[in-house]
Each structure stands twice: as C-alpha cells, then as structure tokens.
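Please read the structure below before turning to the comments.
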Amino acid sequence: MNEKLYELCKNNEIDLSEKQLEQFQIFYDYMIEMNQVMNLTSITEEDEVILKHFYDSMSIVKYFDFKPGEYVIDVGTGAGFPGIPLAILLPKVQFTLMDSLNKRIVFLQDVVKKCGLKNVECIHSRAEELAKNEKYREKYDVCVSRAVANLSVLLEYCIPFIKKGGMFISYKSISSEEELSDSKNAQNKLCCKLKKNISFELPDTDIRRNFLLFEKFDNTSSKYPRNNGIPRKKPL
Ligand SMILES: C[S@@+](CC[C@H](N)C(=O)[O-])C[C@H]1O[C@@H](n2cnc3c(N)ncnc32)[C@H](O)[C@@H]1O
C-alpha cells in the first residue's frame, strides 16, 4: 500500500514521508479490522481506499493553503474523512474531528493513539450542539466537511464554528447549480459567500470531485444553528 500511495501522491505534488506512510498503513489496517464489527466504510479494497478516501481527502491542499498553527474542524467526520488524512499530512495544523455517532468517535480516538497523532482531538456531539458551546463557536480558521448533508443544511452546521474571515470547504462529489442557488438564503443568513468553485477529476479516472469554498464575512447570529434536527427538517 505504501508504494502505491506514495507514487499517487508524488505524481500529484503531495510529498509523504516514511512516517506519514506508516501512519496511513496503521489507519488502513485498523479501519479494515474494525469495519468487520462496525459500519465504517463501504470502500475496503486497498486501491480504492487510497484513491477515494486518502487521496480524495488530501487533494484540497493543491488548491488551498493551510497554515501552521491554524485550527480546522471536520464536521461529520465518520470514519475520519477528510480529517485523518489531512491531520497526517499537516502535523502543524490542529484538527477537531466531530461526529454524532459515538462508536465512530471511539474508533477515531484509537486511530489517533495508534498513529501517534498529536494534532487531533475527537469529539462526540451533534453539530447543532457543539456550535453553541463557547469553546468551539467561531474558534476555527477553517471547517471541512464531506458527504454529510445538502448545502443549505451543511452551511448551518458548519459556518457557526468558523471565525469571521475564515473559510468553509465543502467536499462534493457533484456540485449542482441548483443546490448552490437553493443555498442563497442560508448564505445570506449565515453571512458567508462562495469564494471558489473548484472542479477536478481523481487522477487517472473520470471520477469528478468538487470543492466549494465559502468565506465567512461576519459573525453568526445567536439564532444559528437552530436546535437538533431543525436544520435538516427545515433547511434555511
Ligand atoms: C455519510 S457519512 C460521511 C462521513 C465522512 N465525512 C466521509 O466522507 O466518509 C455522514 C456522517 O455525518 C454524521 N452526521 C450527520 N449529521 C450530523 C450532525 N448533525 N452532527 C454531527 N455529525 C453528523 C453521521 O454520523 C455520519 O458519520
């Protein structure tokens, strides 16, 4: 696995050290082991995990510059995507991985220990609750999220975590104009605007991926996020 991951990344200008390759191997082995007893991922074949989980998670660094010392939160991280690959790649950036499913958070705490990651904390919570907690509200430079909800819902989950001037990066497999225009009201209410819409293909495939980058231009009203379940039931 190490060689394949190393080559794929190197060919795409992402350099991984021996230590980082070992950390990916430990993560992969443990994810496959634990996937037998809990639902972590439907993608298990090594080449596919490398491309669709590991490389996909890291590919944002080709388009966005994370700076040392910055704080990043991954909302709805699941089995740790994109948070764990980014944390392995960027040891000087501080990551909070959060999810509403406790089993996955316990799994991630083990991954962090096994990989010796010093820049990751894992929190069991719903986004709607954690974003109201003083310790986490408007404390992050960047928020990332992959495959959690449609854009209007996602903005209400994610924008409250970000500092004014910070960035929200939505990983999308398809970016529809309709979803973007449906989120206009959420963008206005949450004081953010689309800064970049990046579309690319995973290397040597025709699998399309999109990054939507939203800049937060003002603080979030205390009205948001609304209580548990409301953002999904009644998107802004
Ligand atoms: C389809 S999975 C995607 C996981 C991962 N981001 C990925 O791309 O593989 C969606 C995850 O979002 C979490 N989730 C959904 N709604 C949430 C909420 N309101 N707060 C926190 N986590 C949430 C779920 O528990 C689940 O683990």
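Heads up, the Cβ atoms here are built off N, Cα and C, so glycines get one too.
Caution: TrEMBL annotation is automatic and unverified by curators.
Noted in TrEMBL for the protein shown:
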- Gly76, Phe81, Ala127, Glu128, Arg146: S-adenosyl-L-methionine binding site (BINDING)
### Message
Most Cβ neighbours within 10 Å: which of the binding-site residues Gly76, Ala127, Glu128, Arg146 is it?
### Response
Ala127
### Query
When a 10 Å sphere is centred on the Cβ of Phe81 (S-adenosyl-L-methionine binding site), how many other Cβ atoms does it contain?
22
## Note on the structure
DSSP says Arg146 (S-adenosyl-L-methionine binding site), in three-state terms, is strand
